[in-house]
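*Asks:* Annotations for this protein, taken from TrEMBL, read as follows:
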DOMAIN    69-258  domain 'ABC transmembrane type-1'
TRANSMEM  9-29  transmembrane segment
TRANSMEM  68-92  transmembrane segment
TRANSMEM  104-122  transmembrane segment
TRANSMEM  134-154  transmembrane segment
TRANSMEM  240-258  transmembrane segment
Amino acid sequence: MKKKLSKIMVYSLLVIGALTMLLPFFWMISTSFKTGFEALQTPPTWLPKKLQLTNWIAAWHAAPFASYLINSVVVALITTVGQIITAIMAAFAFAKMNFRGKNFLFTILLATMMVPGEMLIIPNFVTLSQLHLVNTYGALIIPWLASFFAVFTLRQSFASVPDQLYYAAKLDGASDWKFLWQILVPNSKSSITAIGLLQVIGSWNSFMWPLIVTNTDKMRTLPVGLQAFSSDSGVNYPELMAASTFVILPMVILYLFLNKYVVAGISGGGIKG
């Protein structure tokens with residue numbers, strides 16, 4: 001009886017937590033179909049009296065969303081591929097290669113994960129400004145090409161592969177390059193997928209950095225483009241919610257299909273069986 005009661009309490013808390021997290025998304029989608037009056041009505045209404053599809057059309061035409069979409073896709077794809085490649089290379093070096101100061105260097109880089117990203121905004125901006133890369137794809141892409149979280153995750157996965165297998169492959173004439181791409185990488189697909197998915201989501205949702213390093217609509221990304229719905233005259237909440245739904249929808253769909261790889265990639269790794 002106690003076990004059953006405990007299970008009911010756990011599931012009840014999980015349901016409450018899930019509903020609490022889903023509520024803002026429901027409110028956003030609901031508001032995107034409301035009139036301006038309904039969106040600000042007190043007490044608030046949960047559902048629109050009549051679906052206002054014109055909000056979605058107006059939101060698309062209120063700003064150059066086609067340009068924002070292209071920029072977001074380009075930045076997300078290039079940074080994801082670049083980060084995966086740099087992470088694979090660095091992770092292999094830390095997991096299987098022996099060189100002086102390896103553990104010390106790994107510890108120093110691991111400590112950088114505790115540094116808030118906001119502390120790096122000014123140094124990164126000054127560097128890119130001196131390189132004349134502000135308001136270019138370079139400014140949006142370069143800072144995302146390396147992540148020690150990605151290196152750490154893959155290093156753990158690579159390190160779980162027995163060293164005996166590595167030495168046996170070397171004795172058979174396999175190069176480090178061949179061992180990396182034919183054994184380690186295929187064996188770490190879950191971790192690589194998890195890293196890629198987290199980077200795509202992070203890049204897609206990034207607001208502060210694109211806002212700082214871009215100054216024209218030509219280079220802005222989708223999250224920054226949402227500013228078009230806020231002005232001195234006020235905020236058009238239905239159109240803003242429609243635009244916000246459009247921005248997050250691709251990532252929600254992507255995560256629903258690949259979330260199992262995130263869990264497996266972060267918590268697992270190594271050879272099975």
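Residue 1 is the first one shown; counting continues down the chain.
A Cβ is built for glycine as well, from the same backbone N, Cα and C atoms used for every other residue.
Remember, TrEMBL labels are computer predictions, not curated facts.
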*Asks:* By a Cβ-Cβ criterion of under 8 Å, what residues six or more beyond either terminus of the transmembrane segment (68-92) are in contact with it?
*Replies:* 137, 140-141, 144-147, 150-155, 157-158, 176, 180, 184-185, 192, 195-196, 199-200, 203-204, 210, 217, 219-222, 224-225
*Asks:* Which residues of the chain, 6 or more past the ends of the transmembrane segment (240-258), have a CB below 8 A from one of its CBs?
*Replies:* 28-29, 31-33, 39, 55-56, 58-60, 62-63, 65, 193, 197, 200-201, 204-205, 222-223, 225-226, 228-230
*Asks:* Residue list, the transmembrane segment (104-122) vs rest of chain: Cβ under 8 Å, 6 or more residues beyond ends.
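*Replies:* The answer is 94, 143, 148-149, 151-152, 155, 208-209, 212.
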*Asks:* Six or more residues beyond either end and a Cβ under 8 Å away: which residues meet both conditions relative to the transmembrane segment (9-29)?
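*Replies:* Same-chain contacts beyond the ends: 241, 244-245.
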